[in-house]
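According to TrEMBL, the feature region 'Disordered' maps to 134-192. The feature compositional bias 'Basic and acidic residues' is assigned by TrEMBL to 137-175, 182-192.
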Amino acid sequence: MPFTAPFMLVPIIPNLPFFYVLYRAWSHWKALSGSKHLEFLLKHGLPKPRANWNLDEVYTAGLMYPTRALSRAAPRPTPEQADQVASVVHKQTNNEKEDVMVLQRWNGKLIAEQFELPEMEVEIERAVEQVETSIKGQEKLREDKWEQERAAGRDNKRAKDNLPEHIVERIHDGAEDIAEEAAEKKKQAARV
């Protein structure tokens, strides 16, 4: 086998889509293996949850103050303030039946600085964005469902069944007028 035989496999024009798809497949494989590892850890009860006052302080400060600069300049929250904030969040979630955001995007930098993990800032901000999108989607679905129920009225009737007769007649008359105009335009177009 000649020394240059492997180079026959490399095309003259680089196959960029192949390398892109290969990189994406590798990235997905890494993510899948990471999620399988996390699933194994959780299934066997290996991570032991513990309370962390430093993390509670950052969360409390993020909920008490509207900006990162104000949160940094303010004194550290006390345990009493943390309990007050927790009770407010508990009320907002209807006794933990609904979701509520407890982090802002700017909290990611504070958490990363607190635990000396600068690369976590981007991950926290991404997670906050995903949760915000999810909550907005749930709110939109809830609003759409409420509007449909309101439009249906009571007794599960259709909205048109709840309209007064004079409005229904006006709608039908308008529809007939539009249909007649369309028929006339069609006739005129056929003549030309």
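The backbone N, Cα and C atoms fix where each Cβ goes, glycine too.
When Cβ-Cβ distances below 8 Å are used as the criterion, the compositional bias 'Basic and acidic residues' (182-192) is approached by no residue of the same chain that is at least six residues removed from its ends.
Across the compositional bias 'Basic and acidic residues' (182-192), DSSP helix (H, G, I), strand (E, B) and coil residues number 10 helix, 0 strand, 1 coil.
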